[in-house]
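What follows is a short report on a single structure.
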Amino acid sequence: MAKPIYILNGPNLNLLGTREPEVYGTETLADLEQRCIRKAGTLGLAVEFRQSNAESELVDWIQEARANGAGLIVNAGAYSHTSIAMLDALLACDIPVVEVHLSNIFRREPFRHQSYISGAAKGVICGFGGLGYELAIEAMASAISDA
Ligand code: DQA
């Protein structure tokens with residue numbers, strides 16, 4: 001069976017839909033998952049979509065994706081700005097990594113302007129809300145077909 005692309009979501013993204021909707025929109029995480037499954041399906045890709053508030057679980061899932069995935073899309077939430085452990089796990093991956101953020105982190109507080117995760121990403125998409133996940137899936141399909 002073809003390997004899925006992993007889409008990993010970090011802390012507080014389980015609250016999507018009710019969390020600061022003026023920043024993150026009204027779409028829930030479940031809505032976003034359906035959107036990703038639909039988009040990936042049109043490109044012939046399967047999706048493994050997960051969310052955790054725990055850094056260690058996210059590191060474990062990155063390692064799982066490294067072994068079992070065709071590619072990895074990650075919105076690490078606040079861990080983007082703090083987690084060298086996630087960066088190291090991503091650097092160990094030889095599958096394509098695409099970083100995504102719902103909001104435009106560069107228009108926000110200065111502490112959000114740096115993402116450690118970007119150091120391991122093929123590219124970064126931010127500021128387009130849920131559409132960004134679809135754009136990341138398109139970019140991933142192209143990266144996988146180039147590999
Ligand atoms: C986020 C941006 C981060 O700065 C923030 O901590 C999040 C969500 C985004 O998707 O815009 O939790 O990754």
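Quick reminder: no glycine exception, Cβ is built from N, Cα and C everywhere.
Straight from TrEMBL, the features:
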- TYR24: active site, proton acceptor (ACT_SITE)
- HIS101: active site, proton donor (ACT_SITE)
- ASN75, HIS81, ASP88, LEU102, SER103, ARG112: substrate binding site (BINDING)
- ARG19: site 'Transition state stabilizer' (SITE)
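In this structure, the binding-site residues ASN75, SER103 were compared by how many other Cβ atoms lie within 10 Å of their Cβ, and the smallest count belongs to SER103. Here the C-alpha separation of ASP88 (substrate binding site) and HIS101 (active site, proton donor) works out to 19 Å. Highest local Cβ density among the recorded positions ARG19, HIS81, HIS101, ARG112 belongs to HIS101, counted as other Cβ atoms within 10 Å over all protein chains shown. The recorded positions close to ASN75 (substrate binding site), defined as a CA atom within 10 A of its CA, are HIS101 out of ARG19, TYR24, HIS101. Separating the Cα atoms of SER103 (substrate binding site) and TYR24 (active site, proton acceptor) is a whole-number distance of 6 Å.
Looking only at the recorded positions ARG19, TYR24, HIS101, the one with its C-alpha closest to ARG112 (substrate binding site) is HIS101.
Among the residues the record lists as binding substrate, namely ASN75, HIS81, ASP88, LEU102, SER103, ARG112, the two farthest apart have Cα atoms separated by 24 Å. Sequence-distant contacts of LEU102 (substrate binding site), defined as residues of its own chain at least six apart whose C-beta falls under 8 angstroms from its C-beta, comprise LEU16, VAL23, TYR24, GLY25, ASN75, CYS126, PHE128, GLY129, GLY130, GLY132. When secondary structure is read from DSSP and collapsed to three states, HIS101 (active site, proton donor) falls in the strand class. ARG19 (site 'Transition state stabilizer') and HIS101 (active site, proton donor) have their C-alpha atoms 15 Å apart, to the nearest angstrom.
Burial estimate for the recorded positions (TYR24, ASP88): highest at TYR24, by number of other CB atoms within 10 Å. The two recorded residues, HIS81 (substrate binding site) and HIS101 (active site, proton donor), show a Cα separation of 12 Å.
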